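Data first, discussion second: the structure below is written as structure tokens.
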Amino acid sequence: MGKNVVVLGTQWGDEGKGKVVDLLTERAKYVVRYQGGHNAGHTLVINGEKTVLHLIPSGILRENVISIIGNGVVLAPDALMKEMTELEARGVPVRERLLLSEACPLILPYHVALDNAREKARGAKAIGTTGRGIGPAYEDKVARRGLRVSDLFNKETFAIKLKEIVEYHNFQLVHYYKEAAVDYQKVLDDVLAIADILTAMVVDVSELLDNARKQGELIMFEGAQGTLLDIDHGTYPYVTSSNTTAGGVATGSGLGPRYVDYVLGIVKAYSTRVGAGPFPTELNDETGEFLRKQGNEYGATTGRSRRTGWLDIVAVRRAVQINSLSGFCMTKLDVLDGLKEVKLCIGYRMPDGREVDTTPLAAEGWEGIEPIYETMPGWSETTFGVKEHSKLPQAALNYIQRVEELTGVPIDIISTGPDRDETMILRDPFDA
């Protein structure tokens, strides 16, 4: 029986991970975020009530679940407090259910200022970041100058370290980017005001997870963003700053890599992308607008409209390889309802005429690529809210089967609407 399950996106994010994690955590004891920060936007709909989480794991609404923010996550204290306050106002006892790794790097105002200054300076070459300081915080981590949650235990030392790093970043902000300096005293006061709240939630995450594993507890790891945004394996440089793939679980939580039992890849029935970067199947026509409107494709974090296109099997196959996927959950199948035909990208035609069935690595390699499509009949019947596999339209079943054939991975879960119960679990990852 699988006990440790990873849930991650197979595309460019926004696949519907939050809903699936929330659904499957009915059985889990722990839900762990292992990378990213509050640039994620995980939307849950339970009995018609919508909740958008950015930093706190999607298991927080379950009474039986302990939610953990692992060391691979960059943590913005102000964003965490805002999210905690909103949830507590709705009666969710966050402080009883949420734990933090002391090794989480902190995102502070100078990271946000740098993020926005750089995007502004890039002009037409902007990456399309969320402007929340994620990249600069990871830079400080790798440069070994960043502050971490553990630094909050000694406030005097924290103040000294903070002064040094504020001076360092302010020099760059003022003299290179010609932007305003960050106020050291305000940053210090704001962080110290909530330091005790954060340190009270600190645990040894690696030890906790290892003990839970030994006791046979069910653990779920919640990925943010998507495989094709991975810092190493994504469409570089149009990527995020963390490892969004299954490999990030071990480094971002402290669980040994051999202890992952099942990797669930969330795949949207079509493709979307927010921000700049390659997108071979993008549709800038009526069909693209149809998908955007029907799928309500607007970012949960930024509110930006998402780019839309047909499902790219070539890119998804790359996700299968990198993540050693055990199964898929297909989301938003209902968005395709009403289309006369649906298409799957099964290969790329390169600028020199060659046909390939693998993805390039760097963004430059995607330039001039044309998708090669396989066209299938669409369906006029609704799939929205359907909860039995046999009651799906035959054309929709054919589409699902073809995705399985082309990827070599079974679709174990099908989502037909935003609500928790608008889902078919054909094979439970915890039992696989």
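Cβ atoms here come from the backbone N, Cα and C positions, even for glycine.
Given the structure is predicted, the values throughout are model-derived calculations rather than measurements.
Reduced to three states, the DSSP call for GLY13 (GTP binding site) is coil. Cβ neighbours of GLY13 (GTP binding site) (same chain, under 8 Å, six or more residues apart in sequence): ALA40, ALA224, GLN225, GLY226, LEU229, ARG273, VAL274. Among the features that Swiss-Prot reports, GTP binding site is placed at 13-19, 41-43, ARG306, 332-334, 415-417, with the record citing sequence analysis.
Annotation comment: Swiss-Prot describes ASP14, GLU15, GLY16, LYS17, ASN39, ALA40, GLY41, HIS42, THR130, ARG144, GLN225, THR240, ARG304 as IMP binding site, evidence class sequence analysis. Secondary structure at ARG304 (IMP binding site), as computed by DSSP, is coil. Sequence-distant contacts of ARG304 (IMP binding site), defined by Cβ-Cβ distance under 8 angstroms and a gap of at least six in the same chain, are VAL274, GLY275, TYR298.
Packing around GLY41 (IMP binding site) is summarised by its Cβ count: 20 other Cβ atoms lie within 10 angstroms of its Cβ, all protein chains included. Positions annotated as Mg(2+) binding site by Swiss-Prot: ASP14, GLY41.
The annotation active site, proton acceptor is assigned in Swiss-Prot to ASP14 on the grounds of sequence analysis.
Among the features that Swiss-Prot reports, active site, proton donor is placed at HIS42, with the record citing sequence analysis. Secondary structure from DSSP puts HIS42 (active site, proton donor) in a beta strand.
Marked as substrate binding site by Swiss-Prot: ALA300, THR301, THR302, GLY303, ARG304, SER305, ARG306.
When the binding-site residues GLY16, GLY303 are scored by other C-beta atoms within 10 Å, GLY16 scores highest. Fewest other C-beta atoms within 10 angstroms, among the recorded positions LYS19, HIS42, ARG306, are seen around ARG306. For ASP14 (IMP binding site), the number of other Cβ atoms no farther than 10 Å from its own Cβ, over all displayed protein chains, is 28. Cβ neighbour count for THR130 (IMP binding site): 22 (other Cβ atoms within 10 Å of its Cβ, all protein chains included). Nearest to THR130 (IMP binding site) in space, judged by Cα atoms and limited to the recorded positions HIS42, GLY303, SER305, LEU333, THR416, is GLY303. Among the recorded positions ASN39, GLY41, HIS42, GLY303, SER305, ARG306, the ones whose Cα sits within 10 Å of the Cα of LYS19 (GTP binding site) are HIS42.
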